[in-house]
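Feature annotations, courtesy of TrEMBL:
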{"type": "BINDING", "residues": "GLU395, LEU396, MET397, TRP398, ARG399, ASP400, PHE401, PHE402", "note": "FAD binding site"}
{"type": "COMPBIAS", "residues": "84-93", "note": "compositional bias 'Polar residues'"}
{"type": "DOMAIN", "residues": "118-249", "note": "domain 'Photolyase/cryptochrome alpha/beta'"}
{"type": "REGION", "residues": "76-111", "note": "region 'Disordered'"}
Amino acid sequence: MDPNAKTPDSKSADEQAQITRSPFATASISLSLSRFVTTSKSFLLSPKLQSFTQTHQPKHLTIPSQASTLTVSSSLTLNPTRPAPTSKSSISASPLHHPVIINPRRPSDPSNAAAIRRASIVWFRSDLRLHDNECLNSANAESLSVLPVFCFDPKSFKSSPPASESVRASFLIQAVSNLRANLRSKGSDLIVRVGDPTAVLVHLAKAVGAEAVYTHSEISKPETKSELAVEAAMKEEGVELKSFWGNTLIHLDDLPFDLPTMPTSFDDFRSKVATLKPRKTVAALEQMKGKPARGDVDAGEIPSLKDLGLSLNSGLSVNGPVGGEDEAQKKVKSVVAEFIQKSRKNEESVVHGANFLSKLNPWLATGCVSAKAVLDEVKRHEGGGGGGAGSVMSELMWRDFFRFVTKKCSSGNRSGVAAGALA
């Protein structure tokens, strides 16, 4: 052997530097291989390149972290292709670890209503459930990571006498606790804060680099005002607010009239919506995307009544209703079973739905269960016979009427939510 010949272990510092230089030089070599590829099934390399590949194959390449997703294959193929981009990864790491979206289309593109987002926030309000929650499902489908958030606003517990507010707050605390447990069972979590929703959401959006906030629109004037404040603050941060509608039997977008021109009598309202059918319920997610890694956001503690400026009083009975989606589903099953049994005995007050919804009001009001899910349970239990579903639907239509009227009044000059903004 020629003593002056260079071996892989005796390369000069310059040669070693060329091999371990930035991956962009390596990329230029791999691209230049196309010059040596023929149209036959096998390809030929020039002798010079063959010699290089036989004697210059380092066992390891040092690659900068900016290109940590590049891999080196020991085999060469005739028609090498790049893997197709994917948006199904649930990895919630730095942007460098996220799948690369080639030529992503903006949300304004009508052919792609929602581009994949790196991080999104789901702002829970009166929709404390996983089942039939289109807002949550949409955020999970359109984002690489999702941050579920609930904010206890102390101001919202000052509109009624302290005793009744304590009862409502206690139920809400239980519902939020159950929502957190259910989200954790799906691989996620619930971030809980006490304070003004606008300030809380802006802080969290900055912390995790959120590109959108998903939420359900509500009906009262304070809730509408809060939503408008969040929307304005997010717009300043370049974050989109996506509003959904999900707490009525008939969807707002399906109404044959705008809210400003909505009939003010129930009979007129019902005659106009008589042919409409409720949208299908949305199944609960089997698995949630992970939380954003950026920001390292603490989940936070669920507050006590004292933390909300309220006190425990005799109005809080140990036998009172228990908040939460799990309890709501149990309650719906038991109430519906009782309703169907009595309706078959032709008890008129029950057949016409009297007291039926009143037994479910706490869970419907907090969104632990949806109106559509209640009707589905009646139909399932009834098995297609009898008139129970019809009477229940009539009661739910009354509930829809009052909710739409409230939304109409609280929206002022706004016709509910801007056309096309609701999903």
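Note: Cβ is positioned from N, Cα and C throughout, glycine not excepted.
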(request) Other Cβ atoms within 10 Å is the metric here; tell me which of the binding-site residues LEU396, MET397 scores highest. (result) LEU396
(message) Counting Cβ atoms within 10 Å of each candidate's own Cβ, which of the binding-site residues TRP398, PHE401, PHE402 comes out highest?
(response) PHE401
(request) Measuring CB to CB from ASP400 (FAD binding site), give everything in the same chain under 8 Å that is also at least six residues away in sequence. (result) THR248, LEU249, ILE250, VAL273, ALA371
(message) What is the set of residues, excluding GLU395, LEU396, MET397, TRP398, ARG399, ASP400, PHE401, PHE402, whose C-beta falls within 8 angstroms of the centroid of the C-beta atoms at the FAD site?
(response) LEU249, SER394, ARG403
(request) Might you list, by sequence position, any residue in that chain lying six or more from ARG399 (FAD binding site) with a Cβ less than 8 Å away from its Cβ? (result) THR248, LEU249, LEU357, LEU364, ALA371
(message) Over the span of the domain 'Photolyase/cryptochrome alpha/beta' (118-249), how high is the average pLDDT in this prediction?
(response) 96
(message) DSSP-wise, what's the residue breakdown of the domain 'Photolyase/cryptochrome alpha/beta' (118-249) into helix, strand and coil?
(response) 65 helix, 27 strand, 40 coil
(request) Would you mind checking how many other C-beta atoms are within 10 angstroms of the C-beta on GLU395 (FAD binding site)? (result) 20
(message) Taking DSSP as the reference, which of helix, strand or coil describes LEU396 (FAD binding site)?
(response) helix
